[in-house]
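Here's what Swiss-Prot has on this protein:
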{"type": "ACT_SITE", "residues": "D495", "note": "active site, 4-aspartylphosphate intermediate"}
{"type": "BINDING", "residues": "C16, C19", "note": "Cu(+) 1 binding site"}
{"type": "BINDING", "residues": "C83, C86", "note": "Cu(+) 2 binding site"}
{"type": "BINDING", "residues": "D690, D694", "note": "Mg(2+) binding site"}
{"type": "DOMAIN", "residues": "5-70", "note": "domain 'HMA 1'"}
{"type": "DOMAIN", "residues": "72-138", "note": "domain 'HMA 2'"}
{"type": "TRANSMEM", "residues": "161-181", "note": "transmembrane segment"}
{"type": "TRANSMEM", "residues": "192-212", "note": "transmembrane segment"}
{"type": "TRANSMEM", "residues": "224-244", "note": "transmembrane segment"}
{"type": "TRANSMEM", "residues": "256-276", "note": "transmembrane segment"}
{"type": "TRANSMEM", "residues": "411-431", "note": "transmembrane segment"}
{"type": "TRANSMEM", "residues": "438-458", "note": "transmembrane segment"}
{"type": "TRANSMEM", "residues": "748-767", "note": "transmembrane segment"}
{"type": "TRANSMEM", "residues": "771-790", "note": "transmembrane segment"}
Amino acid sequence: MANTKKTTLDITGMTCAACSNRIEKKLNKLDDVNAQVNLTTEKATVEYNPDQHDVQEFINTIQHLGYGVAVETVELDITGMTCAACSSRIEKVLNKMDGVQNATVNLTTEQAKVDYYPEETDADKLVTRIQKLGYDASIKDNNKDQTSRKAEALQHKLIKLIISAVLSLPLLMLMFVHLFNMHIPALFTNPWFQFILATPVQFIIGWQFYVGAYKNLRNGGANMDVLVAVGTSAAYFYSIYEMVRWLNGSTTQPHLYFETSAVLITLILFGKYLEARAKSQTTNALGELLSLQAKEARILKDGNEVMIPLNEVHVGDTLIVKPGEKIPVDGKIIKGMTAIDESMLTGESIPVEKNVDDTVIGSTMNKNGTITMTATKVGGDTALANIIKVVEEAQSSKAPIQRLADIISGYFVPIVVGIALLTFIVWITLVTPGTFEPALVASISVLVIACPCALGLATPTSIMVGTGRAAENGILFKGGEFVERTHQIDTIVLDKTGTITNGRPVVTDYHGDNQTLQLLATAEKDSEHPLAEAIVNYAKEKQLTLTETTTFKAVPGHGIEATIDHHHILVGNRKLMADNDISLPKHISDDLTYYERDGKTAMLIAVNYSLTGIIAVADTVKDHAKDAIKQLHDMGIEVAMLTGDNKNTAQAIAKQVGIDTVIADILPEEKAAQIAKLQQQGKKVAMVGDGVNDAPALVKADIGIAIGTGTEVAIEAADITILGGDLMLIPKAIYASKATIRNIRQNLFWAFGYNIAGIPIAALGLLAPWVAGAAMALSSVSVVTNALRLKKMRLEPRRKDA
């Protein structure tokens, strides 16, 4: 190969030499490619002809074989974007770079998230490429206070606006002269006076528009800056032309438009200031989450208590937390007992009792006891840090509904410039032949009324506010895509254990005396069965003292047999009693049947071969489960239960909570197949689960919803995480999705409708340029303001027929 290039790719998923050989063989089948795959280093070195192949082709080949190529993710702060055309252009350029897998740019947050292959490119190259487009970019510093930076930028915008307004106000009075025949001092109509006021507004205050326009045009793009610069420059320089004619004596009554250019810039700055202020409110939810973190921790060093900054705490450090203080990091109690307010995580206001060996979560509040704890997770690994990360990613992500706006934004400015030019030609040749001023005014109005900003802000602002509001209620969407997909759900499948039920068996019914219960609990205390644990806990709640067993024997499939203090104990089913010639009275037999039909595990107790009691144990239904399912039904959503339990138990639980469809006796590996069956019927399915065995079904479903009290595997596989275990958050999540998508549609309707209606009206000469400019400035503000309504969203689902 004469013209060759070499690249190295990090490969994931290889387990043996067969894997590396397979990848190497497949790559070498490509023309003019020489590939070597090393299993030990997990790298593929590929020499190729760049005229025939690119790196993405090799990546696709590897992924098609079922392996992965390692990617890194970087978040970038970008300043200088003024409208959707800017963010769309940056995104398009980044996605065309070698080594970039995917890039998204968010106009609202002024950030980019880029997934890239580290062997092909790096973060510095990404920053440099953005800077070449004329924008400032830097790698996001998570330790930097973003709030103060944005506050400073907002203050700078306000100062520029005030200066511009002070200079433009006298010029604005000239407009009232034309509109209302007002009398004003002659000074205000003096061309020199107008020139002196308008020039600093045009070239000092408005210099940012020229810089932005130049950088965009130099790189083959066009944005809002181009429209503003061209429109205001046309008015300003035509006024200069008229002023020169006046100085030469060619005219005694110059037609000046200094007020148009200056007032336009002021109005646009006013709109941008309002927009920035409104956008800063969209991130309030994230700020509130960050404010939950403790600032310091009390560490135990050499027997002394020392206060240190939170970022200096390491895994394994011994910390002391006193009443009224926040738990600094995630950890485990090694001394003391207390009650902890975990409402920030679970929404449950009642404090949770904590003892030695119990886990505690950072940023929760220690209520009434001093505890000593060991730090197990710190920094970015804590529960709160992971919640913040999910919210950040959701707020910076894109929903598919935004694609149309992104496509249009890329062509918007050139089309508007073309329409403005056509407007000028039509006016000067057909409407007012040979008359320059009306043609100029109409074309300027077209330029300044067009607003690509509203298009770019319509979706991301709603996503930011909607996901933030959901997070405040304990609902974590992992991205805008999932917000959009959730509103289409018409079927919800709930796992039973740990989702509908608490996942912890408890004693629901007991008939017998305390001595029988004491002997029963003593017999069961050495058993590892979860039902035994429930019985022991029940006895402890009754403050009964447990003794020791003399003998203990499990009777497989039937129960247990034990000897305690010369008492012979039998605990089990009918068969165990029959085998030991113990008869059942009819009322006991009826009770046993009743409990079993109700989905409970019922056990008979015999002491010294005489029946002395009956006890029933069951996994109880969660509080509000019935209410949550009723709300889902009211929303027109079908609810089904999926479980590995037998049909009788499953139907008993389903009857309690109001579920009609029960899919029982399902093996864990069959859950995903059951979801697929529902999807084949044309249903949009959400799966709700909490266990490791739910993960495949969560992935298979259109939307996977993990209960936050569940396993990390389930949470990782899900698209939405419900903090705590409250099922009422499921209908709230669906309503939040519907409300957010409805808000996005309102924004897009306004953004498209405004431009579709506004541009023709301006072209017909029905709007003065300053009115058009005011409309443009306020259009994006209206979109952001509408999105901010979601902050007050009450997550109360509506009936489908409401």
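Keep in mind that glycine also has a Cβ here, set from the backbone N, Cα and C atoms.
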For the transmembrane segment (192-212): best-contacting stretch of 224-244, 411-431, 748-767, 771-790, by Cβ pairs under 8 Å: 224-244
Cα-to-Cα gap, D694 (Mg(2+) binding site) vs C83 (Cu(+) 2 binding site), nearest whole Å: 43
Integer Å distance between the CA atoms belonging to C83 (Cu(+) 2 binding site) and C16 (Cu(+) 1 binding site): 51
Long-range Cβ neighbours of the transmembrane segment (438-458) (under 8 Å; 6 or more residues past either end): 82-85, 87-88, 107-108, 223-224, 227-228, 230-232, 234-235, 238, 257, 260, 264, 268, 275, 279, 402, 405, 408-409, 412-413, 416-417, 419-421, 423-425, 427-428, 431-432, 744, 747-748, 750-752, 754-755, 758-759, 761-765, 767-769, 771-773, 775-776, 779-780, 782-784, 787
Length of the line joining the Cα atoms of C19 (Cu(+) 1 binding site) and D690 (Mg(2+) binding site), in Å: 33
C83, C86, D690 filtered to the binding-site residues whose C-alpha is within 10 Å of D495 (active site, 4-aspartylphosphate intermediate): D690
Which of D495, D690, D694, the listed recorded positions, has fewest other Cβ atoms within 10 Å: D690
Neighbourhood of C86 (Cu(+) 2 binding site), C-beta criterion under 8 angstroms, separation at least six: G80, L107, Y135, N216, N223, M224
C-beta crowding around C16 (Cu(+) 1 binding site), within 10 angstroms: 8
C-alpha spacing of C83 (Cu(+) 2 binding site) relative to D690 (Mg(2+) binding site), in angstrom: 42
